[in-house]
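Read the structure below first, then the notes.
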């Protein structure tokens, strides 16, 4: 019997509370969370509180958005970006 496994997609948002561009992206991330509810898992990682995770992903600037499919990186955007650009990463 074959099991059709749906790939798990996750967007990790690396940010910090003092980062102005990160704050600008918050409403866009909130909108994407609603649009992709049940299809994409969203995780916010504060780089000040989790420097080891930021280092693990090679994050040098924030905001950085990393898209994982089945725990493998399939896309990345650094800096302020459009909702459409992030959505296209999540759809591919």
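Just so you know, glycine gets a Cβ as well, placed from its N, Cα and C.
As given in TrEMBL:
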type     : residues : note
ACT_SITE : 19       : active site, nucleophile
ACT_SITE : 22       : active site, nucleophile
DISULFID : 19-22    : disulfide bond
DOMAIN   : 1-92     : domain 'Thioredoxin'
SITE     : 13       : site 'Deprotonates C-terminal active site Cys'
SITE     : 20       : site 'Contributes to redox potential value'
SITE     : 21       : site 'Contributes to redox potential value'
Message: Would you identify which of the recorded sites 20, 21 has the most other C-beta atoms lying within 10 angstroms of its C-beta?
response: 21
Task: Name, in the order they occur in the sequence, the residues of the same chain whose CB lies under 8 A from the CB of residue 19 (active site, nucleophile) and which sit 6 or more residues away.
output: 62, 63
- prompt: Rounded to an integer, what is the Cα-Cα distance in Å between residue 21 (site 'Contributes to redox potential value') and residue 13 (site 'Deprotonates C-terminal active site Cys')?
  reply: 12
Message: I'd like to know the mean pLDDT over the domain 'Thioredoxin' (1-92).
response: 93
Field: Cβ contacts of residue 22 (active site, nucleophile) (under 8 Å, same chain, 6 or more positions away)
entry: 15, 16, 62, 63
Query: Between residue 20 (site 'Contributes to redox potential value') and residue 13 (site 'Deprotonates C-terminal active site Cys'), what C-alpha distance do you get in Å?
result: 14
Message: Just to be sure I understand, if DSSP states are collapsed into helix, strand and coil, how many residues of the domain 'Thioredoxin' (1-92) fall in each?
response: 31 helix, 27 strand, 34 coil
Message: If I restrict to non-local contacts, at least six residues apart, and a C-beta distance under 8 angstroms, what lies near residue 13 (site 'Deprotonates C-terminal active site Cys') in its own chain?
response: 25, 29, 42, 43, 44, 45, 63, 64, 65
